[in-house]
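Noted in Swiss-Prot for the protein shown:
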- 11, 12, 13, 14, 15, 16, 74, 155, 156, 157, 158, 178, 183, 184: substrate binding site (BINDING)
- 73: Mg(2+) binding site (BINDING)
- 73: active site, proton acceptor (ACT_SITE)
């Protein structure tokens with residue numbers, strides 16, 4: 001069964017879209033994003049789980065376009081903060097502002113020693129077809145939160161997230177290095193192993 005020619009990544013985040021495009025480059029798929037469909041209504045991410053938010057995004061996009069879509073919801077879970085910011089990661093400081101989110105995270109971890117600043121990045125990906133056939137996969141990356149930002153690459157909480165594998169923050173890695181270990185990369189690799197079977201279903 002051939003794979004679809006066009007897939008919509010349900011995001012307006014250009015950084016996230018680039019990560020998906022890089023991971024999907026080996027496949028013969030045309031990638032589009034919400035930027036290509038300005039008439040799609042705003043998607044409210046008000047679910048209480050990553051899967052609920054991702055499913056909501058994918059459903060809105062599929063219904064509006066008639067094309068298959070992949071949506072993700074990702075977040076940072078910090079053990080010392082009882083799993084926060086979690087599903088609220090993108091709007092932790094009140095709106096979608098990386099600098100403000102990072103500042104709030106550092107403030108809330110004030111006084112917590114480095115050894116106890118363990119954290120996990122989580123991604124849930126939902127692939128949805130117009131037929132309603134749904135595939136859900138997850139990916140995670142364990143690490144810890146630094147005391148101060150490091151690096152100029154990446155986005156979101158990347159400057160604060162320490163990779164033990166590379167002994168660098170995610171923002172100090174090249175895009176290729178980040179894709180090797182990232183939670184989104186792990187979820188996407190898992191998705192692609194199941195992609196053909198998912199697409200072959202009615």
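Placement of Cβ uses the backbone N, Cα and C atoms for every residue, glycine included.
Keep in mind that what you see is a predicted model, and the values were worked out from it rather than measured.
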What is the biggest Cα to Cα gap, in Å, among 11, 12, 13, 14, 15, 16, 74, 155, 156, 157, 158, 178, 183, 184, the residues listed as binding substrate?
20
Taking only same-chain residues 6+ apart in sequence, whose CB is under 8 Å from that of residue 156 (substrate binding site), what do you get?
15, 76, 89, 90, 98, 101
Around the C-beta of residue 13 (substrate binding site), how many further C-beta atoms are within 10 angstroms, looking at every protein chain?
19
May I ask for the distance between residue 11 (substrate binding site) and residue 73 (Mg(2+) binding site), taken between their Cα atoms and rounded to an integer number of Å?
10
Counting other Cβ atoms within 10 Å of each residue's Cβ, which of the binding-site residues 11, 15, 74 comes out lowest?
15
Relative to the Cβ position of residue 183 (substrate binding site), how many further Cβ atoms are located within 10 Å?
22
Could you round the CA separation between residue 183 (substrate binding site) and the residue listed as 'Mg(2+) binding site' to a whole angstrom and send it over?
11
Does DSSP give residue 183 (substrate binding site) helix, strand or coil?
helix
Assigned element (helix, strand, coil) containing residue 156 (substrate binding site), judged by DSSP:
coil
